[in-house]
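Student: So TrEMBL lists the following for this protein:
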type	residues	note
SIGNAL	1-22	signal peptide
DISULFID	C115-C139	disulfide bond
DOMAIN	203-472	domain 'G-protein coupled receptors family 2 profile 2'
TRANSMEM	206-226	transmembrane segment
TRANSMEM	238-256	transmembrane segment
TRANSMEM	293-316	transmembrane segment
TRANSMEM	337-357	transmembrane segment
TRANSMEM	377-406	transmembrane segment
TRANSMEM	427-451	transmembrane segment
TRANSMEM	496-515	transmembrane segment
Amino acid sequence: MGISRVLSALWFVYNFLPVSQSDVFSTPSCYYPAECVALNDSNTMCLGVKVKYTHTSLSLANDSATLADVREKLRAWSGLQGAPKCWDVIQPLLCAVYMPRCENSQVEMYRRDLCLSTKEPCKIVPEANGGEWPSFLDCDLPYFSSDEACTAATYTSMEFTNNHSCMYPLVKTDSKDSFYEDIDGCGIQCHNPFFSSNEHQSVHTFIAVLASACLVSTLLTILTFLIDWRNSKRYPSVIIFFINVCFFMGSVGWLAQFAGPEARDSIVCRRDGTVRLAEPLVGEGKETVTCTVVFFIVYYFMLAGVTWFVILAYSWHVSFKKLQKGSVDDKLQPKIAYFHIIAWTLPLICAIIAMSLQKVDGDSLSGICFVGYVDKFARGFLVLFPITLALVSGLFFLLQGVVLLYKVRQCSDGIRNNKAAAKLTTTILRLGIFSTLAFIFVTLTLIIHIYDFNHKDLWEKSFKTYTICKASAKFDLRQDDDSTCEFKYRPNLATIYLNIFSYFGAGIMMSSWTWTKASKETWLRFFRKLLSMPTNKPIKLKSKHKMIALAFQKNQQKKGRKLSLDFHTSRRSSWHET
């Protein structure tokens, strides 16, 4: 009698109590109570896969009340194909919630750990849904099982297609270094999405014209120095030579993008079609080093040119101060070695820092790789700081030099020879124009870099908002189409033109110091010698600095007496001794 009562009690528990309570003597259930509905022929597909069961439930996903709603919502969620890594893991979860297998008023539960595994690769979902996941996809809800014995095989064994592609302006990539923020498996396309193809072409043409002009003008200056190197290799004039070398090499770096039909893409794009970021990549053997090489050429010689500009201003300052005092001693000669160490070493250190920290990025609009396109703090430290320091230092010495030369001009009334006074006036004028243009070009570059620094976060937010808008439209969570998606803020194209113009304009200005009659005579002598034509060898004279200094020294000694100083035509160019 006792045994029969126990058996009767167990039979009652198993057949009449809820499933969750009937498992008191077994492992936790893999099923959750729900109301089942039959699937018809038009509703047997879940995300392109035909389900192998006949009944489902509408109890889990609270955003759909009918099978037609389920079909429409799943179609909307198909927009996640634009986020490949997310799409691969979220498909079984969506089928487990929208079309769960239902039998005997129970649905087969999806595992909580599998649900949680979608959160990291699918960060785009809350971004596109107002900052949070849909409430029915909360992994802590009771219809997600924590039991490891529950395999959720009905959903995980479904053969989903991998037909996915990244949403514009992103492209598919397997490189984690290229992943864009919340969208794993996608990176920013190489073609800068802020600007149209026509704008790209316009900027490229602008670069080609100015870079070519700078290349030719600086090359002419370099050759002008070289053909008369014995007389040209004197300081401070030879500093103009080094500055022109820097701008020549910089122009070569800018023009590298025009070396072939695929040259620009090779510089700024990776093989998977994403833009180069955080270069140089360590261990990426399949990628070329063109980005790093172009960066080094452009960045290193830009800083070297800026450094030589400061040295030039300082050298002029020293020379004019010597001229004012009537000294004939060469105070620059002992400092030449230090000039070279500073001018070539400091830019190298900055370039090594940028590459070691992987702060080099590509840009399809400019066609080069440079530092700080992404990291504004890298741009601030490695671009803004050295340019600002050079601007302040260079202008200080330039202004001091102009003032000293003006004082010398004021004292030139004691010289009877008008050519000396005229030469001083011309030098003051040229130096004044040079100082003004240098100030304008360097200041423009500085202002543009500051503008980029201050607006970088705004542009990044605009890009992210645009990408989320595209995602929202594709998910159909916010709007019907993406026609209203646009960049609210983007870089001003005019500032890009100004920045390019400032760089190459400064290079052309530096080469203008050889646009003199003396340079013309130097070339004529060179061609006469090359063609074995007779030429009159000029009389070797003292440098103008020494002549003027001696004249003013005698002027001070004679205390007011008039002095006559005759300037003969020298075969040295005026810029040699400016």
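Including glycine, each Cβ sits where the backbone N, Cα and C put it.
Thinking about packing and proximity, how do these listed features fit into the structure?
Tutor: The DSSP secondary structure for C139 (disulfide bond) is coil.
Same-chain residues lying 6 or more positions outside the transmembrane segment (206-226) and placing a CB less than 8 Å from one of its CB atoms are 232-233, 238, 240-241, 244-245, 247-248, 250-252, 254-255, 257-258, 366-367, 497, 500-501, 504-505, 507-508, 510-514, 519, 522-523, 573.
Sequence-remote contacts of a segment are chain residues at least 6 beyond its ends whose Cβ falls under 8 Å from one of its Cβ atoms, and for the transmembrane segment (293-316) they are 235-236, 239-240, 242-243, 245-247, 249-250, 252-254, 256-257, 267, 279, 332, 339, 342-344, 346-348, 350-351, 354-355, 360, 368-371, 386-387, 390, 393-398, 401, 431, 438, 442, 503, 507, 510, 578.
Only residues 6 or more beyond the boundaries of the transmembrane segment (377-406), in the same chain, are considered here, and those with a CB under 8 A from a CB of the stretch are 303, 306-307, 309-310, 312-314, 316-317, 319-321, 323-324, 346, 350, 353-354, 357, 359, 371, 424, 427-428, 431-432, 434-435, 438-439, 442-443, 445-446, 449-450, 452-453.
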Student: List nothing but the one residue from C115, C139 whose Cβ has the fewest other Cβ atoms within 10 Å; the candidates are the disulfide-bonded residues.
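Tutor: Per-residue Cβ counts within 10 Å for the disulfide-bonded residues C115, C139 bottom out at C139.
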Student: Tell me, roughly as an integer, the mean pLDDT over the domain 'G-protein coupled receptors family 2 profile 2' (203-472).
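Tutor: PLDDT averaged over the stretch: 87.
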